[in-house]
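See below for the structure under consideration.
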Amino acid sequence: MPWQSKREWKPLEEHSCTDIPWLIIFTLFCIGMACICGYPIATGGAARLVFGYDSYGNTCGKNNTKIEGVPLSGRDMTENKFVFFLDPCNLDLINRKIKSIALCVSKCPSTELMTYFDLKQFALNNGSNLCTYDLTPTRYTSSSEKSTKCPKLPVPPSKSVLLFRRCIPTDISCYTQFAKAFMTFVSDNTVLQRVISGVMASKEIIIGLCILALGITPACSMRFAFMISAAPLPTFIKALNSNTTSVFGKEVASDNVKALLFYAIGATIFTVVLLLVMFFMRKRVALTISLFHVAGKVFIHLPLLVLQPFWTFLCLILFWIYWIGVLLFLGTTGTPVKNNSTGVVGYEMPGPLQFLVWYHVVGLIWISEFILAFQQMTIAGAVVTYYFTRNKSQIPATPIISSMARTIRYHLGTLAKGSFIITLVKIPRLILTYIHSQLKGKENACARCMVKACVCCLWCLEKCLAYLNQNAYTATAINSTSFCTSAREAFLILVENALRVAAINTVGDFVLFLGKILIVSCTAFAGVLALNYQRDYTVWVLPLLIVCVFAFLVAHCFLSVFENVVDVLFLCFAVDTKYNDGSPGREYYMDKLNKSFSIKQVNKLTTAVGLGFACQMM
């Protein structure tokens, strides 16, 4: 048969290094990322970001070189280690910067300076000149240019920020013009006012419910049932019937009643649809539930699998922080360029060096995908070791750590190749998405439609490749073969079990979605009970939405690990049933793993699933 694999699967018989050339390429790429970080450090861009620089190109705390065409450059700022802005309240929100002349000073003013005489005394007493360098302190009160070369009066008290030596005003009233505009908008919108007041009054409850979402268990359902039977009459109903409640309180209570009414209607519709779907899918659920039962046993024996999202999230956060830091370094790297209209000096990278930014962006996607692939390979290796070990007492004491060590020793090249394939698809999709956003409001609707179609096609291709990559990692963990060989063999196995794959993906995703809904519902119900007993009248809609979104994200992170385990088990199960028949010498690996169903039962269920899909296609 053309789909027949040319080699037999030999689980865990030998381990060898895979895709070494790709490991070398990935290592060289990471070295390039390190060189990009070293370039701004070597050229002074990192120092300008950390220590700060003035509007004339002088780095604070350093002895600077002269910039041609800038008279106030090239000064010795060894003693002047802080950046001071003449008008720190002049913010440019669009460009995310302060529109003000910046100077290097030796000390930030700790008290408010009301007059130019105060500026003069502060400079003479502390040696910190708060006006431009060409204006001596003795001329602060008499110079005709003091209004443009000295700070705007009154000068608010300020202090330097930790690590970044900028004099930031300690009194936030400096930014009242933006707060005032926002508060005016809020005061004119009574609904928004009630929603924001509800969030502010319920911030402790929101934090508590988010923590609850991290540790919620099925036992919460029993507690919730007890709390329902013991709960007194809701306070919002009492508020509607009370004559002493203010008009604002009655409006808030009325909003809560409407919100709960919408929740109840939505929950009723969802329940009816859920019951109908479960009725029509009752035969297909059996196979998936049996496989989920096996996955549950794996989690019992490998409890550290639950912690995988934490380690992956921590690695991603650390890498993203590093990436953002280097990007900021690159923003202050390059040759000094003077703005002839304002006289301010900025730094721009030469044309060829601007490609470093694009290299850095590619590194963000590739290394992020590599970290996610490492998690998939670690989970696959641990589950494969558990499945294909007949004597469970011979399993390593820490299968997760052993899988990580095996991945680092043998299979980093495979992860580099698989993650690079996803990067090749994701980059053009992101570029086309940006182009589509720029075409909004344009007259060429045909071009927008074509770009959107390309984005959708690339998204589908990315999802298919991600699923194939995951199974390729599992095949690599079983046979220790290269990425292409593993992907081909995994694809052949999946094609041979197409009906089972369809059943697992459709019913399995639906069951996992129910798990996410259960966690969100339990968290939301706890939020209703907590907000119900709150003394302050608050609108529940936004606090509950915040908590529900957080609970859904947490549930998605942890259930995605469960879904990964199910996919690995299915591929192991398919390999097991293909090369073993239960006869002496060819016993099934899954016999001791799950005795709740036999191969005949699984085949019967699969036949029923196939008939069901055939009926749907007719």
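Note: Cβ is positioned from N, Cα and C throughout, glycine not excepted.
Between the listed ranges 161-182, 205-226, TrEMBL ties the annotation transmembrane segment to 205-226. Remark: the transmembrane segment (20-42) contacts the transmembrane segment (357-388), by the rule of 3 or more CB pairs under 8 A. With a threshold of 8 Å between CB atoms, the same-chain residues lying at least 6 positions outside the transmembrane segment (302-330) that come near it are 36-37, 39-41, 45-46, 49, 349, 356-357, 360, 363-364, 367-368, 371-372, 374-375, 378-379, 382-383, 386, 398-401, 557-558, 560-561, 565.
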